[in-house]
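Reading through the structure tokens given below for one structure.
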């Protein structure tokens, strides 16, 4: 009997390596693919295992594949990564917004471009090392994404863009394990990456200095005015891409009081600063909505909502608005609701969906 073929996205890290091992143990025909999505150059080799696209990472993935006895290939996805992730990342900062590149990569590269490539070579599924639980719910009549067993490793926030087709064709076996269990499995299989450290947050910025990256990639960054809450000029900023809502440190301004970034105005190249209470808000409007648990949103819905990757969820009312937008009104104030970031909605363990924050404001009365 022919085995079901699964393509595993192998980064050379522990999670994707254990994903491949578990699926192989379960009887699948596993093919490892490492996605070459960014050319980090020679600098990456000095960073070793911290970057996903270095020769070290590719070699680690190959060594794991050899240990498991599976095929392994390196495929070039640089063009679509440049377009959908790098260009998006820089353009959003130039617009005074704070992007989330992992969401864009998952949405357009891993679960679209890689899935299409996998299906074209006869695979029925792709698999990744994300910590989430995928399945089908008879109650909802939908393919679903649920929070993982290990809540500390929960990655559902960056998966809200997945479609029904993508969820149906994707496996995430680590959703049922804790990180400690995953490392133990890696040791039990004798995988050469069992003790490897976690990868960095933004894979294409090797030194974690996104300001340096933007200076090199983006043209037209200019200094401009810092304004107080009355609209008066109180200083100069170095360029709006270098700041984000809620930021206090690194403003370079001696004001005699603690000031925070309250608003970024790209049209006037201005940044408004104010006291901490000014960065708290209850309501937001979001666009580019993707729903997983429901086909559509016809009426207000009580949800748990999350405005940043590491933030806690908070009770909120989700409201459909014209032109495909949604409004979110939190029951309690939230800190630093930031345009460009994602707001993601949950019902219990189930991921309802998410959207991109456009603005804050009291739309909800």
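Just so it is clear, glycine is given a Cβ too, placed from its N, Cα and C backbone atoms.
Since we're looking at a predicted model, the values are computed, not measured.
Residue 15 (ATP binding site) falls within a helical segment according to DSSP. The ATP binding site annotation in Swiss-Prot covers 9, 10, 11, 12, 13, 14, 15, 16, 35, 129 and is backed by sequence analysis.
The active site, nucleophile annotation in Swiss-Prot covers 105, and the record cites sequence analysis as its basis. For residue 105 (active site, nucleophile), the same-chain residues that are 6 or more apart in sequence and have a Cβ closer than 8 Å to its Cβ are 37, 81, 84, 85. According to its DSSP assignment, residue 105 (active site, nucleophile) is helical.
In this structure, residue 203 (disulfide bond) belongs to neither helix nor strand by DSSP; it is coil. Using a 10 Å radius centred on the Cβ of residue 203 (disulfide bond) and all shown protein chains, the other Cβ atoms total 23. Annotation source Swiss-Prot lists disulfide bond at 105-203.
As annotated by Swiss-Prot, site 'Interaction with tRNA' applies to 130 (among others), with the evidence given as sequence analysis. Under a cutoff of 8 A between CB atoms, and with a sequence separation of 6+ in the same chain, the neighbours of residue 130 (site 'Interaction with tRNA') are 15, 155, 159, 172, 174, 175.
Residues or ranges marked as active site, cysteine persulfide intermediate in Swiss-Prot (evidence: sequence analysis): 203.
What Swiss-Prot lists as site 'Interaction with tRNA' is 341 (among others), and the listing cites sequence analysis. Classification of residue 341 (site 'Interaction with tRNA') by DSSP places it in coil, neither helical nor stranded.
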- Query: Across all chains shown, how many C-beta atoms besides its own are within 10 angstroms of the C-beta of residue 35 (ATP binding site)?
  - Reply: 23
- Under 8 Å by Cβ from residue 9 (ATP binding site), same chain, sequence gap 6 or more: 16, 33, 34, 35, 110, 114, 126, 127, 128, 129
- Tell me which residues of the chain lie with their Cβ under 8 angstroms from that of residue 341 (site 'Interaction with tRNA'), as long as they are six or more apart in sequence? 98, 99, 100, 307, 308, 356, 357
